[in-house]
Amino acid sequence: MRIFIKGGIWRNTEDEILKAAVMKYGKNQWARISSLLVRKSAKQCKARWYEWLDPSVKKIEWTREEEEKLLHLVKIMPTQWRTIAPIVGRTAAQCIEHYEYLLDAAQGRETIEDQNDPRRLRTGEYDLNTETRPARPDPIDMDEDEIEMLSEARARLANTKGKKAKRKAREKQLEEARRLAVLQKRRELKMAGVVLQQKIRKKNRKRLPMNYSVEIPFERQVPSGLYETSEEERKANKTDFIGKSLDELDGRKREKREVKKDPTEETVQRQSSEQIAQMLQNESRKSLLRKRTKFSIPEAQINDENLEQIAKLTNKKIISNLTENGDMSSEKQATTSALLSVFAQTPDVQSAQRTPLFPLNSAKTPLVEDILRTEAENIIALTNAQTPLLGGSNAPLHSSDFTGVLPKSNPLQTPNVLVSSLANQTPYRSPAFNSLDSNLNPNPNSQLPFSSLDPQNVDNIRFELRNSLKNLPQPVNEISIILPDISEENKNEENQNLNEEKFNYTSAFIEDARDVQLRNQLKTQNKKNLLLHNRSSVLKKNLPRPRFPNPHIKSIYSQNKTINHSLHHLIQYEQKNFPSPSNEIVPNFVFDPNSVFDPEKIQQAQVEIQKETQVLDPNHFFDLFDQILSDFVFLPSLKKFSSFSQASLIDQIQALKQEFELLRKFYLDKEKYLLKKQAKIQILTKGYYSRMEKIIYELQDLHNKLQKSILEKDILENLFSVEQKSLVSRKTKIFEELSYQKQLQTDLQLQYQTLLNKKIEIQKKNN
């Protein structure tokens, strides 16, 4: 079956007709445009324009930046070519083709022969992407339908006086005549003394669609000014009326009322002059202000090492000036002289009118291309372009940046003075080093910056320094310092601090406040760690503890008052230094400093306890502990824990009764809790139970089928074994029958031959 595809390869004539039709009808009436082309549909015309003929389509070679951006976007948005295309600045078809080319190049297959290329069209195949292919030249002998199409398109595109054009011109002329008539009528009535107020009528005009090539949707205007001042303006407006009288607040309104009451020429003139001055001031202010843009700071080109080098060079400059001038007060002059030029030599053209630290070969801020001028020239060239029907090449345009949706930003960078001035120069011969020498004295090129630091110059510096110190004025006021009395502990602490900060006092640099703060934090942390280390085992293991000492503990441990007293102080000490995290009210203890235990004593006690635990039998200890623990119960009458064996019979009965009630209540609560959880679990697992039953039924069915299959398998295996056994006898019987039949056949053939011979002999005799 023959496939008819409307379209095919595009020719030069069709491309030119399409360009002219787009110029006349725009980029929305593709059905009307396709009526000019016999062999092309509206969809193909639109695709041809946006994929090839659009002036914004780039047909130049791909740059490395575009290729990197393409590969990066394909990783982020695979197969989304319509989204990737505007970001890269190419069409979707170009992105696909170049991406395949990059893949072939990465795999080393860019040298594939045309006949072996799988993407090459074979004989009988159709190219369905003709919109992205270059146009073919027109044949010399064109078909009749093509000639007719070309003449019709030329006539239709050149027709600017059709019915619709005439109707539009007539309507425009009538509207203009109506407007002039209304204006003439209003003038005549005004001359007659009748003034009509012009009524502003809101016409229900159809809202035009947004032009995305000119307007910006959902644009938020950037406020004028360099900095954000909305918060300050709000505060100023909020407090504007504070401290003002009613006359001051009502001043403007009063002036307006006076102007209305007394509209003299002087008042009107003053008001008009003030308005003109205010308007001029606003215009000048608007010209000075600029829109706020994104605050971009160039990257730093001078690091800490460069700053240290500049400081060292400045110090060398100061020392050289001191040795040459012999004046200690010339430090500021030395710093200033670094910016002066050399007077001992005649300045040349290159060294004149420049700062010594910034030579002419230093890095400069790169020039920025005038993008607005370039785009304006492109627009003018497109506007003045002739119709495509005349042929010829397109108007030459400047290259623009279509690498992304947003314009490409080129951040400025501050040139590095040290790197640029020291590059490609001999050490100690660069202008940066020579500029630090004395510029007010002869500066021969042979003199190096460190030549003045010989021993003789150092002695001269010391001599001048002593003379300068002798010239100091005598003291006018006497200051006496009375040292306060310092205790021994404070003296020891100060001595320790002095020993720690000895390097800071002896060195030329003052210790940084951050270092002092870190050292103090380290001391505080060490004290805190020591305090945490000295805690009892109860706090270290995070065990429950009493909020305050039990006053009745004496009755339990009456035989050892020392343990009771130490336990009381231990609880008091830990409650003071490590309070309970609960929000309960804790009584205020009178803290005893003697309650702080010595770490050595604590260690000795731990050693003694370890010795006792090694001697003690663990089983005997646990039995004794369980016996003592079971003997202590809560007595409701006394409202405390006490020994069950030492309590009265009534107290024992009440204790057991309360324990029974507590256990009964506990089990009832747990039973309710379990029933509630069971009901909730049934609700949550009802679907799983039904599914489980269904799966169990299926498993049983599969099990039955499996048993049946196993039984059939056993039967067939038994049958197979029986057949194998009887196979030998049956084969023997069959072979015997076969041999018998062969023998019988042989005998019959011999008998037939004998009878045939007899027949022949009888026939011979009869003849």
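Cβ coordinates come from backbone N, Cα and C, glycine included.
TrEMBL does not curate its annotations; it predicts them automatically.
As written in TrEMBL, here are the features:
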- 252-268: compositional bias 'Basic and acidic residues' (COMPBIAS)
- 2-53: domain 'Myb-like' (DOMAIN)
- 2-57: domain 'HTH myb-type' (DOMAIN)
- 54-103: domain 'Myb-like' (DOMAIN)
- 58-107: domain 'HTH myb-type' (DOMAIN)
- 252-274: region 'Disordered' (REGION)
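Residue counts of the domain 'HTH myb-type' (58-107) by helix, strand and coil are 36 helix, 0 strand, 14 coil (DSSP-based). Using DSSP to sort the residues of the domain 'Myb-like' (2-53) gives these counts of helix, strand and coil: 31 helix, 1 strand, 20 coil. Confidence in the domain 'Myb-like' (54-103), given as mean pLDDT, stands at 91.
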